[in-house]
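Asks: Pasting a structure below so you can have a look.
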Amino acid sequence: MAPPLPSPSTAPPGLIHSAPGLPDTCALPQAPAAATMSGPAAETPSAIQICRIMRPDDANVAGNVHGGTILKMIEEAGAIISTRHCNSQNGECCVAALAQVERTDFLSPMCIGEVAHVSAEITYTSKHSVEVQVHVMSENILTGTKKLTNKATLWYVPLSLKNVDKVLEVPPVVYSRQEQEEEGRKRYEAQKLERMETAWRNGDIVQPVLNPEPNTVSYSQSSLIHLVGPSDCTLHGFVHGGVTMKLMDEVAGIVAARHCKTNIVTASVDAINFYDKIRKGCVITISGRVTFTSNKSMEIEVLVDSDPVVDNSQKRYRAASAFFTYVSLSQEGKSLPVPQLVPETEEEKKRFEEGKGRYLQMKAKRQGQAEPQP
């Protein structure tokens, strides 16, 4: 675990704004932690911190910050540090594009008025990808209390500015211990295999159903259609990964609220896989449906399809997918039972059993981590 990053009050002069027009958002260079760089890259910090105060438009009606808002900040930090690193050596200029977000748990809710501290560091590089690990702390600026709210691992690939379909090579990092490189390689192979396993679902679509019954998949399934504009995109014309994740979380939240009819919050996000870039001018459809419910949580599958309406040469395609887990809360913030899903079709029953398998697997993993080590 890397040492805690300094707070903005102790930051060195010359801080860099990570988002023009957001004076309360800054990206602070930090000292290298898990990995260090050699050659020209040595001057490029391998860790940064983004800070921003949470406003009313970042939260739901209960005052809890949307999971999508936090995911967007996580991606911004990852994009900054990975793009810096990929341009740290002389060569073709590039921008780092998000390829995958591994499972991230929302450990504690964040509220309006708290300050989010998003710390990101590069922990592994392969020939064509960068692993960035991110920690999010919330700070109550009235009491000074801080708590860990999120941990996430993101994978980026460098795309040439001359041709965004061309993936460039990543400058290597130098590890302080040989074990760090070996552990990183194992994580790289695991996420690569997981992406291959999810690719077969790309033909799956969410179909509307007339007059659905309560607690069925069709009753709560929802879709959002969004025209991709310049404000959604990088300077190079394709959508920020954080924008896509925020829209996915919004749709998942609508599905969860419709199913429970209570206040709901994001508990975790399974791996978010990005299969292809979404370009400016495309119309994207974000669809969500409940796939599994336990006593206290519900799993929601979210699919993102892109339709290049101004380009007749390209057909509609699957751009991203993920599984979100939500919990139902009372007005006092206490956990409530979740209405049990009633799968109707064979496909829905199959998805329910697959979701149950993921739930039991993660439950066993958490219990194993909680057991004291001998």
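Yeah, the Cβs are placed from backbone N, Cα and C, and that goes for glycine too.
Okay, so TrEMBL annotates it like this:
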ACT_SITE  N60  active site
ACT_SITE  D249  active site
COMPBIAS  347-357  compositional bias 'Basic and acidic residues'
DOMAIN    44-162  domain 'HotDog ACOT-type'
DOMAIN    218-332  domain 'HotDog ACOT-type'
REGION    334-374  region 'Disordered'
Asks: Could you state the CA-to-CA distance between N60 (active site) and D249 (active site) to the nearest Å?
Replies: 12
Asks: As a test of reading the model: what is the averaged pLDDT for the domain 'HotDog ACOT-type' (44-162)?
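Replies: Mean per-residue confidence for the domain 'HotDog ACOT-type' (44-162): 93 out of 100.
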Asks: Run through the Cβ atoms and count how many others sit within 10 Å of the one on D249 (active site).
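Replies: Result for D249 (active site): 27 neighbouring Cβ atoms inside 10 Å.
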Asks: By DSSP assignment, list the helix, strand and coil residue numbers for the compositional bias 'Basic and acidic residues' (347-357), in that order.
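Replies: Breakdown, helix to coil: 11 helix, 0 strand, 0 coil.
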